[in-house]
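The feature domain 'AAA+ ATPase' is assigned by TrEMBL to 22-374. Residues or ranges marked as ATP binding site in TrEMBL: 30, 31, 32, 33, 34, 35, 36, 37. According to TrEMBL, the feature region 'Disordered' maps to 385-434. The compositional bias 'Acidic residues' annotation in TrEMBL covers 388-434.
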């Protein structure tokens with residue numbers, strides 16, 4: 001799989017960008033703040049329908065514009081699909097597949113498969129439980145729209161149930177019909193939460209079990225003298241699940257725990273059990289890595305999670321596009337060498353770097369300079385100085401595929417859709433672990 005074309009209009013710092021890409025390595029070089037990461041962020045958004053840097057869509061739209069558009073042609077085993085996404089600063093996002101409107105943006109999930117390595121990956125080990133849940137959810141969602149639909153349904157029910165819990169305490173204190181209404185309504189939401197939550201949990205557990213051997217092998221390669229590592233799913237229901245646990249069994253456990261915790265939930269006004277509060281433990285030796293692993297071990301573990309993700313997709317017959325966002329500058333020489341060796345076999349490798357010297361010498365390919373232009377109150381990114389690897393025999397003009405024609409903009413689709421926030425899930429407060 002590789003990205004053949006990428007077109008941006010009013011996305012982040014890019015007023016307009018049109019770049020033709022090819023298999024192999026492409027390196028975007030530019031100073032910090034010039035917009036090179038935004039190129040990879042656009043591809044990440046097409047993969048996951050969310051940014052890896054911000055929770056909302058507002059910052060993704062260029063200053064002064066109402067919408068941003070990302071359009072990409074992806075080739076997989078000789079078949080081309082063009083996917084488009086219109087991101088609105090306010091309102092519902094819309095998507096297209098081969099210029100035909102998609103009913104919902106999540107229908108494009110799976111067309112572009114990519115794995116992003118970024119400096120923020122350290123949060124996968126040292127960050128909050130929500131960081132690890134998002135990592136796993138993104139991996140599960142790439143398998144197809146069915147699980148993503150279950151997750152969206154779960155998030156919708158969770159929002160409704162959480163809103164009810166925030167007002168339930170006062171109703172219960174008043175008693176009478178108000179209390180009866182709260183109880184009967186909670187019963188309905190509990191059943192739906194258990195139904196959708198069990199599907200979310202089962203999908204996560206299955207993928208985590210498949211990821212674990214790839215993760216362990218990747219870590220052993222990156223840190224051959226360290227201790228062995230494993231992954232563990234820790235459910236907020238305090239019941240241990242494994243891949244053999246059925247969806248029905250998980251739903252039964254969730255239903256029971258919701259009943260048991262109802263009083264506490266009404267008192268606190270939040271939902272205390274469900275996949276939105278589950279944890280994924282990264283185990284190093286016999287200890288949970290968070291708060292225990294050294295800085296170097298944490299980087300090796302984070303790198304192994306990403307490398308393992310690539311290997312998992314490859315095991316399923318998928319060759320993902322690999323996105324490296326300024327990660328070589330974060331790694332020591334040994335880890336740089338391991339990452340460079342691993343990505344050498346990638347069908348397509350897209351890299352950003354502040355300076356070319358950050359890239360290992362054995363990674364060749366095409367280089368695109370990213371610069372910034374200031375015009376009045378506007379400040380926008382441009383691509384220039386495209387060069388080809390000296391061994392390719394292709395001139396920069398022949399290789400570039402980059403134009404600055406701003407008249408070929410992509411218009412916003414008029415079909416209805418859902419916002420990224422509606423697709424994504426729950427609020428930060430409800431994402432926090434108990």
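The backbone N, Cα and C atoms fix where each Cβ goes, glycine too.
Predicted automatically and left uncurated, TrEMBL annotations should be read as such.
The model shown is predicted, which means the values in this text are computed figures rather than measured ones.
Neighbour count (other Cβ atoms within 10 Å of the Cβ, all protein chains): 8 for residue 32 (ATP binding site). Across the domain 'AAA+ ATPase' (22-374), the model assigns an average pLDDT of 94. Note: residue 34 (ATP binding site) has non-local neighbours 13, 370, 371, 372, 381, i.e. same-chain residues 6+ apart with C-beta under 8 A of its own C-beta.
Across the binding-site residues listed here (33, 35), the residue whose Cβ sits among the most other Cβ atoms within 10 Å is 35. Other Cβ atoms within 10 Å of the Cβ of residue 31 (ATP binding site), summed over all protein chains shown, number 12. Cβ neighbour count for residue 37 (ATP binding site) (all protein chains, 10 Å cutoff from its Cβ): 24. Summarising the environment of residue 30 (ATP binding site), the number of other Cβ atoms within 10 Å of its Cβ, over all protein chains shown, is 23. According to DSSP, residue 37 (ATP binding site) sits within a helical segment. Non-local neighbourhood of residue 36 (ATP binding site): 28, 29, 30, 352, 353, 370, 381, each in the same chain, at least six residues away, with C-beta under 8 Å from its C-beta.
What surrounds the ATP site, by Cβ distance within 8 Å of the Cβ centroid and not counting 30, 31, 32, 33, 34, 35, 36, 37, is the set 352, 354, 370, 372, 381 from the same chain.
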